[in-house]
Amino acid sequence: MEKTYNPQSIEQALYQRWEEAGYFKPHGDTSKDAYSIMIPPPNVTGSLHMGHAFQDTIMDTLIRAERMKGKNTLWQVGTDHAGIATQMVVERKIAAEEGKTKHDYGRDAFIDKIWEWKAESGGTITKQLRRLGASVDWDRERFTMDDGLSAATQEVFVRLFEEDLIYRGKRLVNWDPKLHTAISDLEVESKDKKGFMWHFRYPLADGVKTADGKDYIVVATTRPETMLGDTGVAVNPEDPRYKDLIGKQIKLPIVGRLIPIVGDEHADMDKGTGCVKITPAHDFNDYEVGKRHSLPMINILTFNADIRDAAEVFDTNGEANDAYNSELPAKYHGMERFAARKAIVAEFDELGLLEEVKDHDLTVPYGDRGGVAIEPMLTDQWYVRTAPLAAPAVKAVEDGQIQFVPKQYENMYFAWMRDVQDWCISRQLWWGHRIPAWYDNYGKVYVGRTEDEVREKNNLASVVVLRQDDDVLDTWFSSALWTFGTQGWPENTDALKTFHPSEVLVSGFDIIFFWVARMIMMTMHFVKDEEGNAQVPFKTVYMTGLIRDENGDKMSKSKGNVLDPIDMIDGIGLEELVEKRCGNMMQPKLAAKIEKQTRKAFEGGIEPYGTDALRFTLAAMASTGRDINWDMKRLEGYRNFCNKLWNASRYVLMNTEEHDCGMAEGAELEFSLADQWITSQFEVAAKEFNAHLDNYRLDMAANTLYEFIWNQFCDWYLELTKPVLWKGTEAQQRATRYTLITVLEKTLRLAHPILPYITESIWQSVKPLVDGVEGETIMTQALPQFNEDNFNADVVADLEWVKAFITSIRNLRAEYDIAPSKGLDVMIKVADEKDAARIQANEIVLTSLAKLDSIKVLAKNEETQACATSLVGKSELMIPMAGLIDKDAELARLDKEVAKTQGEIKRIEGKLNNQGFVAKAPEVVITKEREKLEGYQETLVKLEAQKETIAAL
């Protein structure tokens, strides 16, 4: 082994060897249990971020552990075509490089351009996955628009249409006026804005008056421009001010339209004026009110969100309607929506109908990619009827076929699924799965897998002109088929039979509705087992939290707090990091602030920590479902942990290579207490590690490894071996070498799922020294399981006593400022014969590690001079102090410590007795101060006791 641990020199070469040797593939032995995980397919446009690194570490740890248990494991990898994101990347590229738009290319040529781009640049994220050590089967890599998944997507659409579970309708959607497409709620980003609430007078028709004699009512709105499409005003049916007006009419200013006043609980008596204008074609809440009261829907906006020359009027079913005429005032024709807002407010003012304007805090929805305010828009779209699909998906979770970890996410799932809305699946894009529907010249729609199939099924002659729908399917539609579409469905392939359902889905809670729920619905509808029962896509849903920065803020480019996992693996210089965070910003004005923050937080850039340290940090912070505040200090700490394991392994190899390790049959072995103890402690660690993985507690599994490797194996056991290796008999040395190398080999196997590279690298040096170890890689060795035969509770108790003895001596040295190297004569009053036997059996170890000249066991009533004392279990350990220390100097030092401690106690008591401080300070601050006070009070008691002991010398 190299002298120093250098992850850069081992990681990439090892991964290449693993991949080329085919170790990531399922072993194919169908007599063994199968275990599969389907990776959430990252966007093909993307690059690895901390969320990916976190989830991929969890999945790889689980897959590696199950592979080591002998299971036939598949970690299915692939990428998502990411419709809107990919189309925008390529549109920006051709605009920047060629000054062209997609329309200059035309649909087919532009799609070819995207495929070209994917071939050149779409592999970034898969290259980065390799850097994380992800043991996915690359030969099975899939893409959501490859031939197989495209065929599966088409098949699902056609079958759902034939079952009347897909329909086309005119409904309200989130419309991006810049990108000209419907977008999902997940692609809508709400922004807080300062705005206004305008109060308009709406005149009552037919001479009607309000209860207080006015001939108008006042409506409050944040969107004056939409009043051109108003078809009603809602008041609360319980509101005494307006309930008599229900059924009466308003004469809408500017357009002169007569619209009804309706009673609806959507109108809040205590909010605004209590009267709400209803624009069903331009507001989601109004759309629902309109449906309840059969109000027509009037669309006043173009797809650019400009005012139309003539409105479109529809009934509540989206059919064209002549309830109102379609005229709009000529001066507003073609006017941009926000310009129209100003003009309409001005006209209300001129008409004397502007009652007042108030400042108002708004939450405005923006398209996260187009960057403009989205518009609720009435458009023709394709929808999935989700209620029939949701019922069995709810039951599967209720019955425990699918379990959520943590369990509380079930409630979020149920809340959404029990009130599920139909799903808009069409998008006005070119890149994606084109909807398999064709129209004739009369607008009649035909659905089929191909145009030929449509013609044959419907007896359409070749002279009948058919035009395919221009829209593509929502990316989430094809993603919903991921667990079974990747395994060859609709064919009943061996892969589908072997690896479906998958074991666990590791996902963020933010896509529980967009992806998790839809996968469950689609899979249960289309995939059946041999008995014809619906199959679930996975048995467990493991919900992770988000990775946030050290202050708990979400990582985002605009905040300049994004950390690239690859930079933590390879390191990055400060100037390069500043350029990475500040270059190509959507809001360049933030660059100076971000540069300042970056220079302060990363003065020397980021040093290379290696993949294993990053993985271990992510695992150790993975408490289920909770957000993680990233901490570079913990990353540094776990890199030190990797160093510790490396150096400990070097110590083991230096003491075992070219030595007799007792592997020969019949070799004489005399195991020390420490040998037996570390063997027992390993069994405890193996038991805990496996239990934590089974419960998806990777944080606790990582902590088990840390505690065993650092504290027990390195800090204690290796130290305890030194006296034996220096002074023991041949049989004792042989047994200790045997224990060193076998426990290290087992430890490497136990740690491998989280720390793949360092464990493989060390294991290759350890393997030749351990009898019976076969195979070329640690990846296919057995994951250690608890073996009761190797655990001895009495041994553990004895060694814990030895540790307590040594620790007590070390603590007394520190308390009384006695040099660690100074030999001491100690005495002990033993509580029972057991402790006396422990001293006798372990005298060499105790004197060696505690640096003692002698240990004297005192007779029952034997008197002693003044001593420093400490309890070891129930026995009393004593160090005679005469001549060990300068009495006067030590008392003077202790007096100073006492005075300092008393000062701190007085200061904190003053704070806590100050009513002003207690009233204003947060509870957490007060608790901290109380804890500090308790700590200082305990210290004072110890100092006074030390003074008493020394004064008596």
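In case you wondered, yes, glycine gets a Cβ from its N, Cα and C as well.
Swiss-Prot tags one of the stretches 174-178, 554-558, 934-938 as motif ''KMSKS' region', and that stretch is 554-558. Applying DSSP to the motif ''HIGH' region' (42-52) sorts its residues as follows: 3 helix, 1 strand, 7 coil. The Cβ neighbour count for LYS557 (ATP binding site), using a 10 Å radius and every protein chain shown, is 15. The DSSP breakdown of the motif ''KMSKS' region' (554-558) into helical (H, G, I), extended (E, B) and coil residues amounts to 2 helix, 1 strand, 2 coil.
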